[in-house]
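Below: the structure, in structure tokens.
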Amino acid sequence: MEILKTVNLCKNYGSAEAKVEALKNVNFSVQQGEFVAIVGASGSGKSTLMHLLGGVDRPSSGQVIIDGIDIYARSEEELAVFRRRKIGFIFQSYNLIPVLSTEENIKLPMLLENKRGDDKYVLELMGLLGLTERRQHLPSELSGGQQQRTAIGRALINKPSIILADEPTGNLDSKNRKEIMDLLTFSVKKYNQTLIMITHDMNIAKVADRVVRIEDGVLLQPNEVSPF
Amino acid sequence: MKSYTDLTGKYLKGQKKRSLLTIFGIILSVTLLTSIGTIGMSYWDKSVRQTLRDFGDYHVSLNGISGEAVPKVKNNATVKSAGVISREGYAVIKEANEKEKKEDPFAAPYRYLNVKEYDASAMNMLHPQLDSGRYPENPNEIIILSSSLSYFSKQPKLGETITLNLGIRKVASTGEDKKINGLGDFGWDLDETFQAQSQKEYTVVGFMKPSSTGSWSSRYIFPAITFNDNKSIDNNKNYFIYVKMKSLNDIKKKTEDLMSSLQLSNVEQGSAMQLDRESYIENVRIEYNNELLKLYGKSTYEGVNNSLTLAFTAVITIIMICTIAMIYNIFHISVLERISQFGMLRCIGATPAQIRKIVLQEAALLSLIGIPIGILTGTLFMKVLFYNISLLTLGFLNDIRMVISAPVLITAGLLGLLSVFLSAIGPAKQAARVSPLEALKNVGSTKVEKITKIKKSLLVKTLFGIVGQFASRNLQRNKKRFRITAFSMIISIILFIVFSGLVGFIQQTTQISGMQYSYSLSYNGPSGRIDDTVYKHIAKLNAVEQAYKFYNNQVMAIIPKDKINPKYYEFNKNRYVVSEGEGYRTDNNYLTSYGDNGLDALKSKLITGKIDKEKMNQENGVIVQQKITMTTEEGKQLILDQTRFKVGDHIKIRTFDRGQKGYQTVTVVGIVDQDLLSKEYNSSHVVSFITTPKVYSNIMGSDIYSRIFILAKPEISNHMITDYLKSLPEKDAGFNYTDKVEELAQAKNDAKTFSIFFYGFIGVIVLIAFLNIINTVSTNLILRTNEFATLKAIGMTRKEVRKMIILEGVFYGLFSAVIGIILGTALDYGIHLLFTGALDADWVFPWYSIGIAFAGSMITTILATIGPMYRLNKVSIADALRSVN
């Protein structure tokens, strides 16, 4: 089942002569439960694509359709609600909220929903992430791996259908890198989630169901991918 | 770049907005200091001029000094200059003829000139105000009060010669010199005679203005001044010496030393009254010109000096603290933002001292721009204000002129510089402490504080939800900055409450306490009574709203033991010591009547009971006023009933005059808490019985009244009333009237002027706080741009983000309001206590200002948050995320 689709997606920065085309007519679709790795050189448009898929930026033209809904036809408010229900973000530099504890950071999207929340699920998730002992700690008191696990917890808490991860292991050592990847793959399998991940790490890309490559804002289809 | 210190300028240019904000803060502060200094100097200058005019240009007067002692005083080492005055004697200018005596048996037998000799110094010190002519320059010249002219049989003109028979007043029945009593020249005896002693010719060279406080000046004895060349000091005569000391330090001790060197120790001391005091002069040997000494901070009453100095210092300190809070904040933030840059500098070998120097130099540079502008704007601001004052001719300031004083401007500048330096020193040290490592950790980016401890508040969570909890925690990120920002707001609130209190306080003290009426006419002549024709004439004048005859006399009353309020008894046991019958005999009671129309007006003030004049006349009915306000020894203000009389109670009262009637029983028909013409509780320990004129005369055995209170219609010109009131003393010197119309209007104007100043200053202080909050909030928000982007990315709606940011502002407001209101109210009370040394007024709980302060604080903080919030909400999530990832 197709969960995400882009139609002629374009993103330009600047105007007239200074115009930079960050994405050019990207047409791309992802099936539910699929793990897609996006690779490309720095400045190729990976992050722009990721932001557009996640609904945090606005395209210059084209559409992003998730679960049959054209997300950019929605209002800003609706889009925010859509994001917290359907999409889980994971960033390279974790972006945890420094004033909230581990548990609170994880629960935040749920709390934004004004839901009392499923405490059992929260506990289960923290157990899975190995954060039970650290639940009361502030981000500044956590190691990098723990911080990223917290961020993953936050991305998973509302059981979103799509997880967008922007180099989630970029700041981690190899041991932590492996742990995080195991967690992510385990989670998407368990909850039948779709994972779209930007990465430089070829070992990770190999684990993906599919690898797409971006060069100068143009998405190269799998058959165009040069063998690594 | 020639030197590393050139970095300073580059940094300042690099953050133009922040530099401008700092300069603006400095300008505001120096403006405020300059304005306060200028207004202070101008007001001081005005007060000095007014005091010199009203009280004279001397420090202390020595009264009744013998002739031989005069040179000793003049030559004393501590004395700078001395003016000498002596009495020449009285001179009759009009004698009542037989016809007049027949018409009015109590008519004053004589009208006098009271001739005094002034030497040149005395003339300069007391400078009598002239209507026309000049001061006398030799002993044959005289100036007389212009209002005495009408009593001369032939009115003298300028340059004409008059012959005066100078002599003394004698009481015929005893043959003794007439003693000048407390009322002095106001009193006369019907059997008074005049004994001429010498005759002298004078050339009239000038006419004096009646005194400015005219209402109580005598119509019986008029001043006349001639010149004393000091060649003939008479050893047998008494002199009044007006002394200016070389130095005002320890003036009291110096004066006492001087007196004891004249073998005149242990003499009575007092404060000088206004210049037209005349008769009071002889009762006291040493009179300090305390009104003038006060202005030099040398009043012989320590309490007054301390109160004024403290109040002034407090205002200046508060302004400085506010400025420091703001400028510190700006520097603190700007240093925080450049931590990595300072680290970099450290990496390449800058010493901590050099870094400190860079920051301090920034402060110096900003001061260099801000302070001169501040001095200029402060002066300009005052110019505009003074121009407006002269336009509005507001109250007590209408005589004020702007004094631009170099010391004030320099002091304002220096205080401004000191504030800036004190603000910058902390951040400069902080910058110097940055380790080189910081540069490597946060290259090129601003550093968000490391948070390790956060308080959780369940209350905030339940009240405002998750977003509220967020907001409250965000404030805890940098507690120091939060406190400093809140501090500036708190100071504004404190200032507002305290200044509002002061304005109210000044309104209270400038308001005429006690009775409120337009005019009061009283009679002090020998008959002691005002004729009914006078009352009737006044009552039918068009401009008179109401006129009340005022019958008033002290009575003894027996207060039954069970009618004494036990609480009052605890404080004033000594009032109830003489047992008589079933109670105590007390003498601090008054039987009063405002006439029949007064009782009608009193109906609106009645707490219980009923006013029925017929019934009152039948049963000796009285209305009791027993509520008073008092201060306990601990300084606590109490409002309580002295007695617990109820309607229907009977009280035995009698006049003091034993020849008159004995005890009579009166019946309580009603209770009032305040007197007819008063808007406050009685502050003297008096129980008043208000009744009808008939009951009054029943009990007192007399229906004499010697005072009339007049309420004028505000819309009609009062000149009919004043003309009539002025004409009365001319016919009968026993009449005096008080005009409170101007006094009331003046008091209102004074209060208004004070309000303009005070609220103007508060306005500026609030502006400083407002800028401070905008600056802090926007910095706080901008430092967290990335965090907001994350929040939005994970699904926080724009509305929720807005709510969170606004709540942060609300919490600032709430926190500041609560602390500010508590401290402000406490300080308001403290200042009230402080001022009781100089002035006396009630303390009122400042509900009104608290309300305004609370609302103002919330609105200000919310407004300060809105700007940065919109700017932040415009930032695209993707951009913010990209800047980090």
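Sequential numbering from 1, following the chain as shown.
Positions of Cβ are set from backbone N, Cα and C atoms, glycine also.
Worth saying up front: this structure is predicted, and the values here are computed from it rather than measured.
The domain 'MacB-like periplasmic core' annotation in TrEMBL covers B:19-253.
Across the residues of the domain 'ABC3 transporter permease C-terminal' (B:315-436), the predicted structure has a mean pLDDT of 79. The feature domain 'ABC3 transporter permease C-terminal' is assigned by TrEMBL to B:315-436 (among others).
Taken from TrEMBL, the feature domain 'ABC3 transporter permease C-terminal' applies to B:761-876 (among others). The domain 'ABC3 transporter permease C-terminal' (B:761-876): residue composition by secondary structure is 98 helix, 0 strand, 18 coil, according to DSSP.
Annotated transmembrane segment per TrEMBL: B:20-44 (among others), in sequence order.
Cβ atoms under 8 Å from those of the transmembrane segment (B:308-331) belong to residues 18, 21-22, 25-26, 28-29, 32-33, 36, 40, 294, 297, 359, 362-363, 415-416, 418-420, 422-424, 426-428, 481, 484-485, 487-488, 491-492, 494-495, 765, 768-769, 771-772, 775-776, 831, 834-835, 838 of the same chain, restricted to positions at least 6 beyond its ends. Positions annotated as transmembrane segment by TrEMBL: B:308-331 (among others).
Residues annotated as transmembrane segment in TrEMBL: B:363-382 (among others).
The transmembrane segment annotation in TrEMBL covers B:402-425 (among others).
Within the chain carrying the transmembrane segment (B:482-506), a Cβ under 8 angstroms from the stretch's Cβ atoms is held by residues 318, 321-322, 325-326, 328-329, 332, 475-476, 750-751, 754-755, 758-759, 761-762, 765-766, 768-769, 772-773, 776-777, 812-813, 815-817, 819-821, 823-825, 827-828, 831-832, 835, 839, 841, 844, 846, 848-850, 852-853, 856-857, 860-861, all 6 or more beyond its ends. For B:482-506 (among others), the entry in TrEMBL reads transmembrane segment.
What TrEMBL records for B:756-783 (among others) is transmembrane segment. Long-range contacts of the transmembrane segment (B:756-783) within the same chain, counting only residues at least 6 positions beyond its ends with a Cβ under 8 Å from a Cβ of the stretch, are 18, 21, 24-25, 28-29, 31-32, 35-36, 39, 318-319, 322-323, 325-326, 329-330, 333, 337, 385, 394, 446, 448, 474, 477-478, 481, 484-485, 488-489, 491-492, 495-496, 499-500, 502-503, 805, 808-809, 812, 856, 860-861, 863-865, 867-869, 871-872.
Under the heading transmembrane segment, TrEMBL lists B:804-827 (among others).
What TrEMBL lists as transmembrane segment is B:847-866 (among others). Away from its own ends, the transmembrane segment (B:847-866) comes close to residues 489, 492-493, 496-497, 500-501, 766, 769-770, 773-774, 777, 805-806, 808-810, 812-814, 816-817, 820-821, 824-825 of its chain (Cβ-Cβ under 8 Å, at least six residues beyond either end).
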Leading stretch by Cβ pairs under 8 Å, where the reference is the transmembrane segment (B:363-382) and the options are B:20-44, B:402-425, B:804-827: B:20-44
Cβ contacts under 8 Å made by the transmembrane segment (B:402-425) with residues that lie 6+ beyond its boundaries: 26, 29-30, 33-34, 37-38, 40-42, 44-45, 316, 320, 323-328, 330-331, 359-360, 362-364, 366-367, 370-372, 374-375, 378-379, 382-383, 386
DSSP-derived helix, strand and coil totals, residue by residue, for the domain 'ABC3 transporter permease C-terminal' (B:315-436): 105 helix, 0 strand, 17 coil
